[in-house]
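Participant: According to Swiss-Prot, the record shows the following:
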{"type": "ACT_SITE", "residues": "Cys413", "note": "active site"}
{"type": "BINDING", "residues": "58-59, Gln136, 182-184, Glu202, Arg207, 245-246, 266-270, 276-277, Tyr325, Gly495", "note": "NAD(+) binding site"}
Amino acid sequence: MTQRQGQDPRLDTSRTIRAPHGTQLRAKSWLTEAPLRMLMNNLDPDVAEHPHSLVVYGGIGRAARNWECFDKIVEVLERLDDDQTLLVQSGKPVGVFPTHKNAPRVLIANSNLVPHWANWEHFNELDKEGLMMYGQMTAGSWIYIGSQGIVQGTYETFVSVAKKHFNGDAKGRWILTGGLGGMGGAQPLAGTMAGFSMIAVECDESRIDYRLRTGYVDKKATSLDEALAMIKESDTPISVGLLGNAADIFPQLVERNITPDVVTDQTSAHDPLNGYLPQGWSMSHAAEMRLQDEADVVKTAKKSMAVQVKAMLELQKRGAATLDYGNNIRQMALEEGIENAFDFPGFVPAYIRPLFCEGIGPFRWAALSGDPEDIYKTDQKVKELIPDNPHLHNWLDMARERIQFQGLPARICWVGLKDRERLGQAFNEMVKNGELKAPVVIGRDHLDSGSVASPNRETEGMMDGSDAVSDWPLLNALLNTAGGATWVSLHHGGGVGMGFSQHSGMVICCDGSDDASERIARVLHNDPATGVMRHADAGYDIAKQCAAEQKLDLPMLNEELKKLK
């Protein structure tokens, strides 16, 4: 440890972590080198929001509990054999146990609390005592790839918004949103890709500057008038990062009778203590108050969220297509007395659920070689294997042209049950025959069709009322473990905060071996199949049709599925 005594063990400004590149291994095999590199990649300064504090994204979403735990995880992964499994409890390596070569090399449980105690107050006490860590979704599960990880999902959402509200034509229209953090930072690029202009309000100027540097936002403004002028004067879609507080800017538009075409928000409202700046407060004052009076920070932040949501509701009344983008801001406003906070829909039931019914979601992969050419070759392979999807091809072309890699080169690509296994096998074969310089890892966001229970986001408004049933992500994690994913994670509270979600993740390493091919066949079929199963069980016809076509064995539905074939 390099911290002085008395310092926060999660802070070390002397460290710069980057994943190794190339084919030389620090671990005993690629199956343990893969999680080692992806853990380090999560903390690359080009990837993480606050790497010196182990914070990857999403408020306080961390990769390890503290630096001592990080060092010990690295040490264990370097010595771990291919018949052993490391257990990680909220960012702390707690055990190594004998398993077998087809078992996961790492099993991770982050931020899980018994339901009665599953709230921010109890979590924060445990966090202060060094007993827990908030893993968000891909922070503590070591498969964050920077803002690209959410770009395509956001792009797909905005394209759906254009189709639903504007006959598919976003020309001359603009989006108002808040938040340019690790997730929200994807919005400006996704918006312009979909043909919209955007004003994204952000209170932390360094985040706007970072998005400018990495090509995710086009311009910076320091006043609403300046931002509006930039949009008005541009002949092409343009994104503007506006320095300010969303709780101030959104009501200003109401007062000035200016109605955006689309309104949403991706501030870190899920965490009122650490993720949302109260009205009238500076960043430094908020930092001081978090040390002095947490309850006051939370209360004041939630009051400010209520102001913002009230403005969003008014803009919706005036004709703006308004949607919640999964940060639980409606819930926070409801708790502050905005009784109609849920009058605008969440993005999943409004725009994404039909994709989930076919197991389509945020499939992603990263090149452990560190060579961008490996990603470009896999891009081409995706086009070869899925030749009849021009929308997907267009996405891949735009991604190559407009998205800068952060850390290890990676790609996000929304594909479903019928394609994930085929792509995984193709990538594994490319490693085997030397077409790729090193193995790739395939993972996904926890925001996927079968891996999350989140009543205010992914499972909002389920047809059968099963929004809060969290058996499904538990079954997903168990099945991915049985199938032999390289590492599997089970988290609580990602996206929407403590008490509001449970979710699971998996990553599988394509090392070119025959064993990997067998594991890929199981994992990359079963993982999206659980999403089809979950939605078919809830009564969705699209999911039932997909289950029938893919010959899933769903005991309670098999007689019905036979009639659909």
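A Cβ is built for glycine as well, from the same backbone N, Cα and C atoms used for every other residue.
What you see is a predicted model, and the numbers here were worked out from it, not measured in a lab.
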Participant: By CA-CA distance, flag whichever of Gly182, Glu202, Ala246, Tyr276 among the binding-site residues is nearest to the residue listed as 'active site'.
Facilitator: Gly182
Participant: If you skip the near sequence neighbours and keep only those at least six away, which residues in the chain come within under 8 angstroms of Ala246 (NAD(+) binding site), Cβ to Cβ?
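Facilitator: Listed in sequence order: Gly178, Gly179, Val201, Cys203, Asp265, Thr267, Gln308.
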Participant: Which chain-mates of Gly495 (NAD(+) binding site) that are at least 6 residues away have a CB under 8 A from its CB, listed by sequence?
Facilitator: Gly58, Gln136, Met137, His270, Gly326, Asn327, Asn328, His446, Leu447, Ser454, Arg457, Ser501, His503
Participant: Check the DSSP secondary structure of Tyr276 (NAD(+) binding site), expressed as helix, strand or coil.
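Facilitator: Going by the DSSP assignment, Tyr276 (NAD(+) binding site) belongs to neither helix nor strand, so it counts as coil.
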Participant: Who sits close to Ser268 (NAD(+) binding site): which same-chain residues at least 6 apart have their Cβ under 8 Å from its Cβ?
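Facilitator: Within the chain, Ser268 (NAD(+) binding site) has Cβ neighbours under 8 Å at Gly58, Gly59, Gly179, Gly181, Asn274, Gly275, Tyr276, Asn327.
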Participant: Restricting to the same chain and to sequence separations of six or more, state which residues have a Cβ under 8 Å from that of Gly182 (NAD(+) binding site).
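Facilitator: Non-local contacts for Gly182 (NAD(+) binding site): Glu49, Val56, Tyr57, Gly58, Gly61, Tyr144, Gly146, Ser147.
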Participant: Least buried of the recorded positions Gly58, Glu202, Tyr276, Cys413, going by other Cβ atoms within 10 Å?
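Facilitator: Cys413, out of the recorded positions Gly58, Glu202, Tyr276, Cys413, has the fewest neighbouring Cβ atoms within 10 Å.
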Participant: How would DSSP class Ala246 (NAD(+) binding site) in three states?
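Facilitator: Helix, per DSSP.
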